[in-house]
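See below for the structure under consideration.
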Amino acid sequence: MSSVTVRVPAKVNVQLSVGPLREDGYHDLVNVFHAVSIFDRVEAKESDAITVAVEGKWADQVPVDDGNLAIRAARALAKHAGRSYGADLVIHKEIPVAGGMAGGSADAAGALVACNELWGLGLPFEDLMEIAGDLGSDVPFSLLGGTAVGTGRGEELSELPTGGTFHWVFAPAEGGLPTPSVYAECDRLRKESDAEVPWPELNERLIEALSTGDAYALGSYLSNDLQDAALALRPELATTLDAGRQHGALGAIVSGSGPTCAFLAIDATHARDLAASLTATGAATSAMAAHGPVPGATLA
Ligand code: ATP
């Protein structure tokens, strides 16, 4: 095989509960991931060395050196297999960069699946999940897709049943937000307010809304403990969220660490209308309609 292409989805967190700061600097999380139909494509072509190139609308914001997560994933896979394999990776980028939608993790997951195929390794899914876990806490979910809850630091994943398709609108914001800065701001705001931070618990009503496919209930239970921090760093996002609610969004939250704003729509038509209204009124510079859940990294 001389070339393999894999399609990998973005994610939104429908619940992101962040526990108290631990002594090791991490937080215990309850993180309900939901894969949505905004896809990066990762192509792996036969080569002697591991290289990466990035195409598409966010390409100029993505590193093409060893800092690229797809390169790190390919290297980790070659190491696991105990050989010095090569691959020219080409990422076709549709997922906003540093947008809280796990775009880098998606590319890492895509590179794992593509190189496993290109190099004829035939490693089982469980092995890829293990390598993914070492690459970053969102990478296993990018492999898995669907809807799943992550606990611990987010790395212990369990699939969640969903009863139908949910329709979304995503409004990326210029500039991105580095995830570590948002966690740091969250810790700072909590220290300032001195309120006790509860242990993160899965919201059973949200799980029920997912399993019954009840978009109205899901909209009312969407939650993100990083949202206050993202809004403190980017106050203009509050206006975008309000605009979405005014246009009938069932729920409006910052996606993960932001700054992408996520809006739950009633159905596909409402999602298209909502996306058009957000851009026409200037509340968002761009907006993409999408649906979820969708599968994780899949051979195209
Ligand atoms: P998350 O939601 O997992 O916290 P994010 O969506 O906010 O992540 P990413 O798009 O994954 O953020 O990018 C975070 C940073 O990682 C970028 O600023 C970029 O420098 C770096 N990066 C490395 N590899 C990639 C990649 N393949 N695609 C995008 N960013 C990458």
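From the backbone N, Cα and C atoms, a Cβ is placed for every residue, glycine too.
Among the features that TrEMBL reports, active site is placed at LYS11, ASP138. What TrEMBL lists as ATP binding site is PRO96, VAL97, ALA98, GLY99, GLY100, MET101, ALA102, GLY103, GLY104, SER105, ALA106. The domain 'GHMP kinase N-terminal' annotation in TrEMBL covers 68-146. For 206-283, the entry in TrEMBL reads domain 'GHMP kinase C-terminal'.
Residues GLY100, ALA102, taken from the recorded positions LYS11, GLY100, ALA102, are distinguished by a CB atom under 6 angstroms from ligand 1.
There are 27 other CB atoms within 10 A of the CB of GLY104 (ATP binding site), with all protein chains counted.
For the pair GLY100 (ATP binding site) and ASP138 (active site), the Cα-Cα distance reads 11 Å. A simple way to gauge crowding: the CB of PRO96 (ATP binding site) has 25 other CB atoms within 10 angstroms, across all the protein chains here.
Within 8 Å of the centroid of the Cβ atoms of PRO96, VAL97, ALA98, GLY99, GLY100, MET101, ALA102, GLY103, GLY104, SER105, ALA106, where the record puts ATP, the same chain has further Cβ atoms from ALA10, ILE95. Across the domain 'GHMP kinase C-terminal' (206-283), the prediction's mean pLDDT works out to 97. Across the domain 'GHMP kinase N-terminal' (68-146), DSSP classifies residues as 46 helix, 8 strand, 25 coil.
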